[in-house]
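Asks: This structure is in structure tokens; I'll ask about it shortly.
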Amino acid sequence: IESSETVRRSKEDRKVLRKQLKASHTLLKHEGIRTTPQPTKTLVVANGGLGNGVSREELSAALGEMGELETLIMHPHKPYAFVTYRSEESARKAHVRLNGEKLECRESSVTLYLSYVNSVTCEEEVSVPLPDGLVLVEDFVSQEEEAVLLAAIDWSSTNDDFTAKKALKHRKVKHYGFEFRYDNNNVDKDKPLAAGIPQECLPFLERCVKNKHIDILPDQLTVNQYESGQGIPPHVDTHSAFEDTILSLSLGAMTVMEFRHPDGRLVAVVLPGRSLLVMKGESRYLWTHGITARKFDTVPARGPQSPARTAPDLSACSNLTLSKRDTRTSLTFRKIRHEPCGCAFPSACDSQVAPLAPPPPSPPSLPCCHADAALLEEEYVHRVYDAIASHFSSTRHSPWPRVCHFLSTLPAGAVLADVGCGNGKYLGVNPEVMAVGCDRSSALVHICAQRGFQAFVSDALRVPLRTASCDACISIAVIHHFSTQERRRAAVRELVRLLKPGGRALIYVWAFEQEYKKQRSKYLKEHPEKHSPTEDAQTGSSQEAHGESSIHTSRRLEDLQDATESKLSVHTNRTAFNTQDLLVPWHLKEGKKQVDEDAAPVFHRYYHVFQQGELEQLCGQEAGVTLQSSYHDQGNWCVILEKALGTDL
């Protein structure tokens, strides 16, 4: 019996040694960490990092049983940690006893593998300045005041109109005073809610005035309740909707809010429970702020607090741990703005964005090279959608049924990428899938964020997602905005790259043939003269963002003018096409009270309308895909592609 036990232990020891050596090789290959067979006081602990869900407290407790610790270094998001003992004897003990041992953590268990290292550099803790105008005040309300404020927010109320209660995808929301509308990213200033700011908030607000955080009492309150794993995408509160100072009171659990400057600077601010965040000036108008959806935050371990005007640089800290998220309620107080915003940040201000002028008397020519195409699309696609984003989003309500059907066929847990997502109206159609959107327009991505969807700014030709990472992709009314055949094909190729083998893509483009099988598209069912200039091709209740239409012409495309040798024509809305490449007007409606339609700014967007069979031919040029189906839907040509099994790209 003793002999068999010895053999069993020997096998287990060899197995641990193999895995320990494998961990050492992985650390050297991917992290450049070189281990040594000679005992030292310092060990690298593979699988014992913050990136594995191991907190400092959990790892420190296990390592501390072996002897007194000198330092424990845990870098953010890394799957390893470094420990230095006071004595080499303690390090030897840890190396023998903890190698191959399981460490039970709150959410899972990990197996630790320890190797000696000669030394490790412990960098000084670095702090970064808070964005200008941002102030964090910890313990601004007492525990008793916190309880009173939380009790004042009645989530059980069924009267949605009273407080404009909403259940968004990533959080619960209530509005008081005025409702913030996520469909147009603004407030209806002429329609105050029946419920004003609760009286229980008055002592808190009066203290804010007394402490000079605000000069005047706010009249709008938005309450967000986040459960563990929920967050809010990065955004800037609409300039034209609210005055300068914004107050955000955190109640309940701690979280981390990330502030990002347009130049890429990132400041992660830890928001403890009962803390007050004051946003003024640059921090309010220019920096985006958001909370990443996750169950654990990486935060500084307890110790000396950073100065009030700085925050620890979490990307460079080593004295970090994990904080498990719990229910957090934020109260955001704002003052409604009744005049246009005149802030010092016009590039980010919706009140100060200069409307684009209509195209010059001589419209641009169809591009003949990649550089010219990129310039044309920047001027007549990208800039236009940024300028018209709010009005555009207000006309995008109903998802198309056949797109919804495609999305409904995706299994639970499938990864969906909406490339060219616009205001995100398809991102929430199937709540069982993990949907992410991207769009070239930062203004439209901002609207997606306000609506609680995950989206980011990206060119459809270069989507920053891993190859073969998506079960499905959709491209709804996007590819017709690319101005050359090569770029349209590249857009299809990018969708295919994102798909896993066996994954499917749905593509919609605007059709040249608006009358198909003796049926006109819905957009054409009314006489053109019944519509005002503002009601152009974009405002139909069921037409997609880009789904303008016109009557089918009997002229063959081969007989049309050669667009490569002429200027792009400006299309007259609700009339027949006479070319495939054209500029389509958008008449900007700036608010419900606007009555002078002729005075409305007019923007022009480039389109290439697809002839029957053209989309199938375009997709057929890509290797490794099969055409599942193609059809005509309300003035659009549509295809469903499937990526072949065994295809790497």
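For all residues, glycine too, the Cβ spot is worked out from N, Cα and C.
Note: TrEMBL annotation is automatic and uncurated.
Below are the features I grabbed from TrEMBL:
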- 523-534: compositional bias 'Basic and acidic residues' (COMPBIAS)
- 535-544: compositional bias 'Polar residues' (COMPBIAS)
- 545-559: compositional bias 'Basic and acidic residues' (COMPBIAS)
- 41-119: domain 'RRM' (DOMAIN)
- 217-337: domain 'Fe2OG dioxygenase' (DOMAIN)
- 523-565: region 'Disordered' (REGION)
Asks: What is the pLDDT of the domain 'Fe2OG dioxygenase' (217-337) when averaged and given as a whole number?
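Replies: Across the domain 'Fe2OG dioxygenase' (217-337), the average pLDDT comes out at 85.
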Asks: So how many of the residues in the domain 'RRM' (41-119) end up helix, strand or coil by DSSP?
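Replies: Across the domain 'RRM' (41-119), DSSP assigns the residues as follows: 23 helix, 28 strand, 28 coil.
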Asks: Using DSSP, what's the helix, strand and coil tally for the domain 'Fe2OG dioxygenase' (217-337)?
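Replies: Final tally across the stretch: 5 helix, 61 strand, 55 coil.
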